[in-house]
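Peer 1: Okay, here's the structure, questions in a sec.
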Amino acid sequence: MSIGNIVQCIGAVVDIEFPRNAMPKVYDALVLEDSSETSFAEKGLTFEVQQQLGDGVVRTIALGSSDGLRRGMAVKNTEAPISVPVGQGTLGRIMDVLGRPIDEAGPIASDERRAIHQKAPKFDELSPSTDLLETGIKVIDLICPFAKGGKVGLFGGAGVGKTVNMMELINNIAKQHSGLSVFAGVGERTREGNDFYHEMKDSNVLDKVAMVFGQMNEPPGNRLRVALSGLTMAEKFRDEGRDILFFVDNIYRYTLAGTEVSALLGRMPSAVGYQPTLAEEMGKLQERITSTKTGSITSIQAVYVPADDLTDPSPATTFLHLDSTLVLSRDIAALGIYPAVDPLDSTSRQMDPQVVGQEHYNVARAVQQTLQRYKELRDIIAILGMDELSPEDKMAVNRARKIQRFLSQPFHVAEVFTGSPGKYVPLKETIRGFKMLVDGECDHLPEQAFYMVGSIDEAFEKAKKLQ
């Protein structure tokens, strides 16, 4: 194994010089040698080679804090890419980007390790799926149903409920699905990771979840690679013939970490200051999150939308790869309707009568038409008031307001904050409830009866109490 020396250190980007005949390959992992002069630096600090500059010099990203580094320090080439433990031993454990345990529960009992850089499955190995995955959340099951082995994006600005929605999905699917899950925390709050761990522990599903975290306080190198570490663990389970759930919170921070180091690596920035390799980096990650003939990966990804602008290059690049897009709206959150999913902006490739069935399709489209009509009439109502509307329009507005409220639902994971018990609504109940609403069978009920209830029967009971 060849030894090199640090020649330049700018933030997270470090240049290291090796003998010309022993230059490391791109993506090789390099490790800081232990010596008296490295006492102030992070012990066993790992670097990943990004570029070969020539004359034996390579440009690397530090996967850890570069505090305490200085020129001349010795670095060893491991002659292999970064690898993480995979298999049964990772379940119930919390790991960092390098697969080291951070839950103080001893070493990880796994003999096998896999490199985090893998090729995407070949075209002939892929297996598309049309089986629906029931989530128990009305607005999702009705408007943008998920497919087993599909990819879902939760799009939303700051504070509209991406993480809470994801927690509820994990809570509902991981418990109902009783399969294995991998959670990758990419550049999010450490508190949320802690909450997630305890949530899983209290629900007794911790032994079915592997967790990898590279949170907000960590250097960009960790945040850039932690999604790949989590994905590598999920791929191992898929290749064993299992159906896996892969959660990523938040995919935008993965892009952002790439942006942070891109300029330091000497690349010209592209639109809005993003790295020029944005589409390639996203494609490399997303193409690996797929289902093969041996097993499936169903992935649910939270996507932060900067300044609520869906045309920003980062969310726009993510859109291309998804089967279902769940758009969270600040306007709906402002009305106090949670989950704040926008039923007119959210889409799903599964919303096809041949996949979901004719009745489901008709009800979902009728709900969207009613809400769209209400949206169009809103300006007229604001200027002239309700009295100027035709009887048909008045009826459409009243139904739309009831539908809007019926799309809200109390969550299990929010019980602590709201005090109202969470509700899981089966798909059949969801379709029945909205069918009654659009058919006018609930026109006599007050709209307050539909707010924060589970099934339509609960709305009828609530209406009796309100009278």
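Glycine too: its Cβ is placed from the backbone N, Cα and C atoms.
What Swiss-Prot lists as ATP binding site is GLY156, GLY157, ALA158, GLY159, VAL160, GLY161, LYS162, THR163.
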Peer 1: Under a three-state reading of DSSP, tell me whether GLY156 (ATP binding site) is helix, strand or coil.
Peer 2: strand
Peer 1: Would you mind ranking the binding-site residues GLY157, GLY159, GLY161 by how many other Cβ atoms sit within 10 Å of each Cβ and giving me the lowest?
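Peer 2: Ranked by other Cβ atoms within 10 Å, the binding-site residues GLY157, GLY159, GLY161 bottom out at GLY159.
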Peer 1: Can you check which residues sit near VAL160 (ATP binding site), meaning Cβ under 8 Å from its Cβ, same chain, 6 or more apart in sequence, and list them in order?
Peer 2: LEU328, SER329, ARG330, ALA333, ALA340
Peer 1: So for THR163 (ATP binding site), how many other CB atoms are inside 10 Å of its CB?
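Peer 2: So the Cβ neighbour count for THR163 (ATP binding site) comes to 20.
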Peer 1: Among all the protein chains here, how many other CB atoms are within 10 A of the CB of LYS162 (ATP binding site)?
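Peer 2: Step by step: centre on the Cβ of LYS162 (ATP binding site), count other Cβ atoms within 10 Å, giving 27.
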Peer 1: Taking the recorded ATP site as GLY156, GLY157, ALA158, GLY159, VAL160, GLY161, LYS162, THR163, identify the other residues of that chain whose CB atom sits within 8 Å of the mean position of the site's CB atoms, giving them in sequence order.
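Peer 2: Along the chain, the qualifying residues are TYR304, LEU328, ALA333.
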Peer 1: Check the DSSP secondary structure of GLY161 (ATP binding site), expressed as helix, strand or coil.
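Peer 2: DSSP call for GLY161 (ATP binding site): coil, neither helix nor strand.
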